[in-house]
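The structure appears below as structure tokens.
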Amino acid sequence: MWAQLLLGMLALSPAIAEELPNYLVTLPARLNFPSVQKVCLDLSPGYSDVKFTVTLETKDKTQKLLEYSGLKKRHLHCISFLVPPPAGGTEEVATIRVSGVGNNISFEEKKKVLIQRQGNGTFVQTDKPLYTPGQQVYFRIVTMDSNFVPVNDKYSMVELQDPNSNRIAQWLEVVPEQGIVDLSFQLAPEAMLGTYTVAVAEGKTFGTFSVEEYVLPKFKVEVVEPKELSTVQESFLVKICCRYTYGKPMLGAVQVSVCQKANTYWYREVEREQLPDKCRNLSGQTDKTGCFSAPVDMATFDLIGYAYSHQINIVATVVEEGTGVEANATQNIYISPQMGSMTFEDTSNFYHPNFPFSGKIRVRGHDDSFLKNHLVFLVIYGTNGTFNQTLVTDNNGLAPFTLETSGWNGTDVSLEGKFQMEDLVYNPEQVPRYYQNAYLHLRPFYSTTRSFLGIHRLNGPLKCGQPQEVLVDYYIDPADASPDQEISFSYYLIGKGSLVMEGQKHLNSKKKGLKASFSLSLTFTSRLAPDPSLVIYAIFPSGGVVADKIQFSVEMCFDNQVSLGFSPSQQLPGAEVELQLQAAPGSLCALRAVDESVLLLRPDRELSNRSVYGMFPFWYGHYPYQVAEYDQCPVSGPWDFPQPLIDPMPQGHSSQRSIIWRPSFSEGTDLFSFFRDVGLKILSNAKIKKPVDCSHRSPEYSTAMGAGGGHPEAFESSTPLHQAEDSQVRQYFPETWLWDLFPIGNSGKEAVHVTVPDAITEWKAMSFCTSQSRGFGLSPTVGLTAFKPFFVDLTLPYSVVRGESFRLTATIFNYLKDCIRVQTDLAKSHEYQLESWADSQTSSCLCADDAKTHHWNITAVKLGHINFTISTKILDSNEPCGGQKGFVPQKGRSDTLIKPVLVKPEGVLVEKTHSSLLCPKGKVASESVSLELPVDIVPDSTKAYVTVLGDIMGTALQNLDGLVQMPSGCGEQNMVLFAPIIYVLQYLEKAGLLTEEIRSRAVGFLEIGYQKELMYKHSNGSYSAFGERDGNGNTWLTAFVTKCFGQAQKFIFIDPKNIQDALKWMAGNQLPSGCYANVGNLLHTAMKGGVDDEVSLTAYVTAALLEMGKDVDDPMVSQGLRCLKNSATSTTNLYTQALLAYIFSLAGEMDIRNILLKQLDQQAIISGESIYWSQKPTPSSNASPWSEPAAVDVELTAYALLAQLTKPSLTQKEIAKATSIVAWLAKQHNAYGGFSSTQDTVVALQALAKYATTAYMPSEEINLVVKSTENFQRTFNIQSVNRLVFQQDTLPNVPGMYTLEASGQGCVYVQTVLRYNILPPTNMKTFSLSVEIGKARCEQPTSPRSLTLTIHTSYVGSRSSSNMAIVEVKMLSGFSPMEGTNQLLLQQPLVKKVEFGTDTLNIYLDELIKNTQTYTFTISQSVLVTNLKPATIKVYDYYLPDEQATIQYSDPCE
């Protein structure tokens, strides 16, 4: 290399530049607060008598960073400083100023830097990613700064939210222990299923976990091959492997589907048929290694066309031999048309003119393997023409090259590595096969010298904490320095935008000669990882500059190095093992060890180095935009404005070779750009920057580089098993084994003896540690295998229904080297029944590495968790086994296993809610609640609980997305998820309770609701229940949507055109009388029938216009009021009277309002301290303590309340009256904060929010005592700080009498919820309902089967038809609808939509009429369950859910 360099230098003509003293000041462009940063001053000898000052000027003060006088030799001086806080709190643009005074010199220079408050990172770690109801949740919270040092600041609040966003627990003023918060929470046995959230720092940081009903998998299925595919291949091997969690291979049946899916867009046109997927199905058995392999011909698939997806979907299902338990694995593999690829390696994006440019080209085949002895055509594109070189790769697929640059004339040059010189022929009808060539664009490095500096690259990722030698080559031109002059090479090591390390190498050119090398020893730490940069430069006495820059790849490491291990790494269940922990002295270590089975269910939730680094998304390229430095060109042109820092990509670019147009700033080819690229500001009078070239630039080519991946290392322990005592009983099966905090002493080591749980599995353990001096550290995950060579295992479902039979499977495993004879016993119990207790004992012969399965048909007779005890032992028998007497080991001859199953009650769940609003006002306010049960209750199925909130809107606030427990698949039902959020937000905003967390969550729901509602919009601007599927838009729903969109504009973006289009459509349907015509199906029941139909509809539309902010003078409003005045005082319909009273209150027509309110008062029902209205009053003798209101009664009472509250000011008498109405409405709440249907929920929540804003007195401090006559007592404390916390406790005595006693100041909202199961009722007053089940094949009761259901239903009530109706079909255990059911049902009469949830099929009907409607579909059995209990079919009126009919259906084979 040096010979070529010297040949290049002989061509240069010497020219000695005038010796000018120079300086160079560097510091980070982004100064994070709080942090310690460095500023460096590099001075030449010419400044020996000059005093330099560097200052940082902010809005608040001027801070002197450095004051220094030059020396007689070149010297680099750096000093650390504390970054001041930014003015304004978040960020501030400050000025860095350097000045020099002395020796007849006076100058100064300044630049901008950004001071930015750095955010901390917080993570939440749970002991497991998912839980079952009733389990304990453990979680930790850690906050650290960007240097991974733990922060010990107090958390003002940590809250836990359930899937409905109920705040079910909170912890206030939480103080970490050495940066770690360790908390726990007990889930209720009836805990809601779904995703729970741990919210920290006012909701800015979240951790989540799931609550599900699951059974831990015992084995893992993996698609081992293929990992990648290419169109070049003729075939590929599919390999599926399955192993138990303790590492042994599993035997079972394998089904593999290898499919190429058809592209949906390809057959979207109506005239095209849907293309079938191209599939190959494979089946077989796993071998002794637990694997199954089979070849697949690539000719099966479409490799060149566009009609099919260019990826293969592999779905593998493995069924365990003997148990029938199955597990799945899915893999999508891209079929690459790429036949090979080339990449440049060990190259820069610039070259030094007249010095040889060297690099390498890596060549890979279609499978990413290195291609050896392969031709490479290197093409050089320059201003002087195009030149070619032919290279050959070595055994590593590398082709090195060296190019002479003297002929490039200091211009841009592009290099391309090609597989072949001829271009491939492109066929637009086919996916082209191609070679990925290598591209590299080179710019000349700007320098006024003929000297050279080059840094050798290091292959990464590099290890932290280990010294790395970096070799630097240089050549010094004689013109740049005389032989007796000392040359100083300055270097900076930059990580995460901070100057971490700096130094100088002083060399004497006389001693070193023209060319030489030196090395730097660098040690990388977490402050530098993962992508540090090194900049080296020299400024010669002549003024010339040489420089080079390199970026390293460093592992994501931490300064606190943590390791964890078990000794031995394999141990018997129930035996002791030593846990060995190592970390920095004084660390506090948080340990976690969980069953690998849990991680198989959720493998992506683990804490890792990458996830911790990901909390600090460090910014590397260029300067922050606030302090960017652009080159300004004097001429106007396409770049005559400040340019962005990111390269804009023109549309229609090719993904293989993309053209990037650059703005006019220097591009990485001078010392200035080196510093800019690593985020350092530089102030200097040296020639460090290339002059600006404002001429038009040619497009350049950009190439992306890929990164390789590693393979996990296999580890096997040869440590012998320690023997535990014989006849072990295994019944301790935690999913989390270890969850503890361990302090580390001065030795940096800790050893703890722990007992291995009873599960045969692998335990995955990890630990993180915190230290104030060494920061955060995270250990690799290690495993401990709990294993014994002879054991029994039980296969159980998560839950069963009492009375249903299920199959209990026991599998005995023999991993001894000999055959054994075993006896297996299932213990008797009164909690379950066996078909024949004589079959509870079995014996069999079991040879090495074999397994034997035994089955029993079990019927559970007791609710709750019941235990199954299975015992197996090795018999000392003379009966031959494997051709000889069975082997009997000295120890480990028996194994006993105890495992539970949850038994659930049969029947239909009924939920009753009693709500109470207690306002003690200085004296005790009390109420009695009687938990009474019906006679037809399912035995032992009762549960009851009480919930307490300090705010009347609290339950609704916590359940914004679940106010009504009904399907929500049409345009109006979607609005019940939308409208109440607006009212809740309005209330919270006025009450000063609207936190950023609540706003963020609520706005998210609004944005989703807005998007969904637009699906139901017609092209004319109107809306209907099912959108364009309906013939016309609907007047009522359009008014409802328009009102809500108008009110939501304050919180989210609503396109004004959507509102204007709807208003225009409604205006077109306003009659000359001012009334509104009923267009489309009128969904709302209360507006149907008789003369009041037009009046109530007009009232609703006019109210909607007024509520969205329209003035009474608006033509649509004024004409609507004119229509309503004609019948305002003459209407006798109670609902219409309440609605009109509200309308005229909004319009300010107080005379008419008062007349209507008097009419309402005459029909008000007063019950104790409550006031309400009902269209069908119920005699008081039949009054129920439970919430069972008619939806229309809730709605008209809510309108009456809105009318009472809508006036400029309220008297105390009016507030008292409103409170009495609220007392009744509050009692009608369901357990989720809503009411029975949609419109009653919307209007009632609107009224309650208005009351809460106007007249409600929230709790200051209240003690609520809940007690029973059976000596149960629980006290709840409610204050302003926990006003919105959802407090709950179980009520143990059912049936029973409970008393609620509230004392203190304010109001408290209490709900008592009673849940029990009953056998389905057969009431047919409003709907007829029957079902026929087609003939089923019952010959093979152990095989899955299909059932055809034919449902007959009609409306038999007092009206001509029902409102929208839902047919709700519950699935039999183990059954689900066959594929295509949705499309089949949508073709049947009146069906508007079909939805399938976990175990329920909902069929939406436009209405039901007197004529019987018939619906037929098929359900198929996917899980075999015997002795099936019946399932239910229910039909109900969506808007009058009390109108319903329910029947049962059964499997005819049972």
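Every residue gets a Cβ built from N, Cα and C, even glycine.
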Taking CYS589 as one end of a disulfide recorded in Swiss-Prot, give the other end from among CYS769, CYS819, CYS845. CYS769
Candidates ASN867, ASN1020; Swiss-Prot annotation N-linked glycosylation site sits on ASN1020
Look up ASN281, ASN1182 in Swiss-Prot and give me whichever carries the note N-linked glycosylation site. ASN281
Whole-number mean pLDDT, the region 'Bait region' (695-726), equals 37
Per DSSP, CYS1123 (disulfide bond) is which: helix, strand or coil? helix
Say we define neighbours as other CB atoms within 10 Å of the CB. Which of the disulfide-bonded residues CYS259, CYS279, CYS557, CYS819, CYS1075 has the fewest? CYS279
When the number of other CB atoms within 10 A of each residue's CB is tallied over all shown chains, which of the disulfide-bonded residues CYS464, CYS769, CYS847, CYS1307 has the maximum? CYS769
Using Cα positions only, nearest of the disulfide-bonded residues to ASN1020 (N-linked glycosylation site) (CYS78, CYS279, CYS919, CYS1338): CYS279
Among the recorded positions CYS259, ASN409, CYS769, CYS845, CYS1123, CYS1453, which ones place their C-alpha within 10 angstroms of the C-alpha of ASN281 (N-linked glycosylation site)? CYS259
Looking at the recorded positions ASN120, CYS241, CYS259, CYS464, CYS769, whose Cα is closest in space to that of CYS881 (disulfide bond)? CYS241
So among CYS847, CYS919, CYS1123, all listed as disulfide-bonded residues, which is physically nearest to ASN120 (N-linked glycosylation site)? Use the C-alpha atoms. CYS919
As a whole number of Å, the Cα atom of CYS919 (disulfide bond) is distant from the Cα atom of CYS769 (disulfide bond) by 50
How many neighbouring Cβ atoms, not counting its own, are there within 10 Å of the Cβ of CYS1338 (disulfide bond)? 12
Take the C-alpha atoms of ASN409 (N-linked glycosylation site) and CYS259 (disulfide bond) and report the distance between them in angstrom, rounded. 56
